[in-house]
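Now, the feature entries from TrEMBL:
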- 59-77: compositional bias 'Basic and acidic residues' (COMPBIAS)
- 642-654: compositional bias 'Basic and acidic residues' (COMPBIAS)
- 698-713: compositional bias 'Basic and acidic residues' (COMPBIAS)
- 435-539: domain 'Cyclic nucleotide-binding' (DOMAIN)
- 35-77: region 'Disordered' (REGION)
- 632-713: region 'Disordered' (REGION)
- 119-139: transmembrane segment (TRANSMEM)
- 151-172: transmembrane segment (TRANSMEM)
- 254-274: transmembrane segment (TRANSMEM)
- 325-342: transmembrane segment (TRANSMEM)
């Protein structure tokens, strides 16, 4: 026989023990995750997400660069921050270091032209430089405003504008992202290649060519800078980006269109002075006579000529006649185009207001056609005015229908999710156990898209007492009052923005959930409405959430359906306190028996004994002749007996006596038969007590008492 080794002889394998401990730890973690999954069905699967594919190892040079960058970062983090102070007068001010300024000013690798406000600000600076060249190059070329004494100032501003052009060409435009095949390209190298291959780069490159070098050969002639006017793409891009971020873009459109008109008049004034100089200043009545401010006088002539006001001097020479004809033709075309564009801009700005007025006019015309009372017409006008002033449109859903479903959902979440989350029926963490995490989030998102916004006027009934509840109401803005009392005018409670009522009606088990009070709008109230039909359509796709909502509805119904606390019940004193309180006899049972107390119980026992003592009747063969006449006579006899019973006893009974028939002895009682009651004397009647479910949902069961006469052999 072998002896078992003692514990001291037992040898442990440390590696195996470590592996077992690790395995036990993982199993415990897995069990914990599955327990949370059972308690919380909303949690995602415990399976881990797939790992990313391993990156290729960088070359050794890049590894060294990355190591150096990491070392520099660690050194920068290890160094304590130095305090920087600025001595000014007698005080010392603390200022942030220069590095922080540089970090804030540092441009990203790529720029999103649609959302980056810094890019829009830079485009504005380039647009100012572009407008300087467009307005002042023809002015300096035609009018003698550039003189040798002020040439240095003009040249300085030109250099600043050229610097803006160069920075835009070399720094900003190569970083702008672009879309290729539906993807947003954010690689700096790719954005640079895309910009260099575009027509915009070619025009920008021509616009920054150093044509100013020709000044050394032809003098300071502003016409040599005409290539700076080719940077028009940046100007139109700035207009688009600025309109996209402005709340009232039509204001800028009006200003821009007015600027176009003024610029065309500016060019026409420059041309008129050039023609006058070509013909000779003051040589004829048509040309500029050289008096007053030359630019204002020429601009005045351009306005009257281009807008075809008339009243100008007649041209004398062939050159003047051709120039005036071309000026008239250009004026008619340009001015009509600008007026049409201005009309479109103003029409687009007032399109919503025109639609609102059209709706009001059509509604008023309809009400006048059918002779609607003046009071109702005034309320309709008030509703239109308030709805338009409060939300800027009559129906918000019309605006959202043009957007994709995902964008509609994003807007609905930002606007309505915080309000819906206040509803106890849908709110998360309202209950413990299996209901603690609320409904499916996607189900709530689908519900947000179905909410309808309705405006109620002061005094309007949101719902009335006794109505079938089919909707849930969420107060978005305003107040509503719950009325009650004997006359229905007492204010029970006032509900404000964010309150919810009627949510239990959505999930009433058997329907027929009636309103228990009147709800009236105290002022102008904007409410969200969700009807029962819409919710059922949503829950059809979320069975788990439907079960959860049913449970929540039952709990809320119990909480809200508890009766108010009545007067305190007096506790028995003395020996009576040792025994429990006697339960009261059900009222329905008392009414069926027609008596109270111990007498009713004694009569019930007496009838039972008589029924047992009596002999059962013989079986009748229903196929024999005369059987039907026998039962007809028996029914008539029973009816006669019931009619002769006292009237006082008829009032104590609630159920009529059931008449018998051969094929169905237990038939429902007829309406014309008066109820039968128990007799005080010994009788040959049998008492049948039965419970049957009520045909109406929610009313429980009905107690039936039937008295039938037994026959002896």
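From the backbone N, Cα and C atoms, a Cβ is placed for every residue, glycine too.
Automated prediction, rather than curation, is the source of TrEMBL annotations.
Taking H, G and I as helix, E and B as strand and the rest as coil, DSSP gives the domain 'Cyclic nucleotide-binding' (435-539) the counts 21 helix, 41 strand, 43 coil. Sequence-distant neighbours of the transmembrane segment (151-172) (same chain, 6+ residues past either end, Cβ-Cβ under 8 Å): 107, 111, 119, 122, 125-126, 129, 132-133, 136, 140, 201, 204-205, 207-208, 212, 220, 222, 225, 228, 231, 234. When Cβ-Cβ distances below 8 Å are used as the criterion, the transmembrane segment (325-342) is approached by residues 254, 257-258, 260-261, 264, 268, 271, 305-308 of the same chain, each at least six residues removed from its ends.
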